[in-house]
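Peer 1: Take a look at this one; I'll ask things after.
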Amino acid sequence: MGTNGGVIAEQSMEIETNENPDKVEEPVVRRKRVTRRRHRRIHSKNNCLTPPNSDDDPQMSTPDDPVIHSPPSIGAAPGMNGYHGSGVKLEESSGACGSPDDGLLDSSEESRRRQKTCRVCGDHATGYNFNVITCESCKAFFRRNALRPKEFKCPYSEDCEINSVSRRFCQKCRLRKCFTVGMKKEWILNEEQLRRRKNSRLNNTGTCNKRSQPGNQQSPQGPNQQPHLSPHHPGVAIYPPQPQRPLTINPMDNQMMHHMQANRPNAMPQLISPPGAQPYPLTSPVGSSASDSPPNRSLTMMHNGEKSPDGYDPNIMAHRAPPPSFNNRPKMDSGQVVLSTEEYKQLLSRIPGAQVPGLMNEEEPINKRAAYNCNGHPMPAETTPPYSAPMSDMSLSRHNSTSSGTEKNHMTHSTVSAIPGNSAQNHFDIASFGMGIVTATGGGDAAEEMYKRMNMFYENCIQSALDSPENQEPKPQEAMIPKEEYMTPTHGFQYQSDPYQVPPAERNINYQLNAAELKALDAVREAFYGMDDPMEQGRQMQSFLKANKTPADIMNIMDVTMRRFVKVAKGVPAFREVSQEGKFSLLKGGMIEMLTVRGVTRYDASTNSFKTPTIKGQNVSVNVDDMFAKLNANAQAQKAKCLEFFGFFDEEIKKNELAVYLVMLAVLFSVRSDPPMNENDVRIVTERHNHFMSLLNRYLESLFGEQARRIFERIPKALGLLNEIARNAGMLFMGTVRSGEAEELPGEFFKIK
């Protein structure tokens, strides 16, 4: 019967296919789907023990998954599965235990889902990096170079095609494309942020590992339920764990609280395990067994969990140590004794953040090495034992003798030293205090008296060590504080009314540029973009290519640079705020000065010539001696001043075009008197001049650190010489160029007749 039914079904499919040619592929597709689903149903029954409701479980995903999720396919949409909704559940539930053929289908679908291309180079993308889908190579390239002040140069046509092969050949075009597609350099983390993220991930990983251990499986407890108590020793008092308090540099508060708890009757010390998660019941060390104790770790008495990672109390071994030997020490009139140099170094080494000096004078720090003595007894000369704990982990050690859990705690008497003038019954050992072995005797108000004396010791000895110059902690770095507004009094680099009065450089300053300063530098680069674009035609190009250049050719070459300076000025937002008369005054007074500053980057001292990349594929140079020799009689004095001006700039500045751009903008935005500028223009120009000078100072600091002060202090003298050069340059071409031989724009600045 089943066989006949199958034959009839096949015949009906053939008839339907012959009648409807458009549905030729549909029976084949349905037959494949039915076969695949039958195979999956049989395979899941034989090999999988999946609960019936497991099909509804959502797929797990993590935020660190680098896969770029694409929209669901059409086949997975409701109503497009061919049959009923149960078919969809069969496909979903077969992901974990499907056949090899199903794995191939799933892997092919997964590979199609993963096929995303990098927006920069077109390579295989791994995820969203800095706001754009990119590959790992472009992600690393952008992180390394987006915040660098270094200016890349394109070795080709400034318009390179970036793909997976050519991306290595041109860094400038690759970085420009990164910004073009929308990558944001503000999303790059600095070293401090990377360190915090790494620590956070390590903490999360450690927490997950502890929770995943078999011993950590505990039954859930309500908020008001008490932790599990061992039935072996019901008389042992177990206290719930307390939240850890932040560590402070003064340990007296922790000492006082712990000592006050020690004087309470019927109180047992809290027994806890080392810091971290506590997956084991808290019981007495005597009655705990292997099943309820952590492996290879013994329960110890620790105050608030502030102990060494090894999980032992250093003071336990201190009680077994032999009594310390005493040596004679030099005494002071105030009843103090002087610590030895080695002991003083050890004391400083226990202060968080303190630096032990390598060489120490025996007489200079005598007031710091002085400590109180008890009735003339000298201080112990023992060095720090191997079991001593750091000063930040000091705790009061006690010997408790309890028979039934109801007797009071009896504290053993130990050798101690007291401040002169106080009773010898209530005292503490200063030397032991420095080694983390503080013991106390007495009761009642003894704790308060001891607390006062400990504070006095802290003020007299430890605080003086902290206040010493070699132990001062560095001040907060202002440059690392994020700022919201640019050019405000709270900004990273200060807006100075007189930028030439540079304050003395402070030590331990982070000279890294912040986001606002980097944005301002990007605006400067954008304004000068295209300054070195190659020429292709025109009379100026013929002047560039001549081997023997005339004064008219020199003016035509300067015409190209002058026109590009005008384009740069129009690209500066502050220049557009100036009135039309003010713009003319700025360009007329600053054009020759900007040409001279431009010569700083083009002058080659080895060949004594100016070199320019304006002509593509041509090495164009103009010899300085030949150029000034063809001008009038005043040219030689002008040449000497120009060479002197070039000498004010270091070689690092001459090679850094961005620094020279900032100098050129500061020269452009200078108050001019021909023609006179109105009051509003003077205000705008003055603010912009100070702005670019302050930005230049910060940029130099980011490159040279403390050496930037020496470089920046030479700029005012260089600008003074620049003004003198510009005043005497107008007559250089007088009588050497005929009318019509040169372009008109240079004739506005240089007189030819």
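Just so you know, the numbers here start at 1 and follow the chain as drawn.
Backbone N, Cα and C atoms are what each Cβ position is placed from, and that goes for glycine too.
Take a look at what Swiss-Prot says about it:
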DNA_BIND  115-190  DNA-binding region
COMPBIAS  20-29  compositional bias 'Basic and acidic residues'
COMPBIAS  30-44  compositional bias 'Basic residues'
COMPBIAS  212-227  compositional bias 'Low complexity'
DOMAIN    516-753  domain 'NR LBD'
REGION    1-109  region 'Disordered'
REGION    198-251  region 'Disordered'
REGION    266-314  region 'Disordered'
REGION    376-410  region 'Disordered'
MOTIF     191-206  motif 'Nuclear localization signal'
Peer 1: As a quick check of your reading of DSSP, tell me how many residues in the motif 'Nuclear localization signal' (191-206) are helical, how many are strand and how many are coil.
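Peer 2: So the motif 'Nuclear localization signal' (191-206) is made up of 16 helix, 0 strand, 0 coil.
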Peer 1: How does the DNA-binding region (115-190) divide up by DSSP, counting helix, then strand, then coil residues?
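Peer 2: Summed over the DNA-binding region (115-190), the classes give 26 helix, 8 strand, 42 coil.
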Peer 1: Tell me, what is the mean pLDDT of the domain 'NR LBD' (516-753)?
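Peer 2: Mean pLDDT across the domain 'NR LBD' (516-753) comes out at 86.
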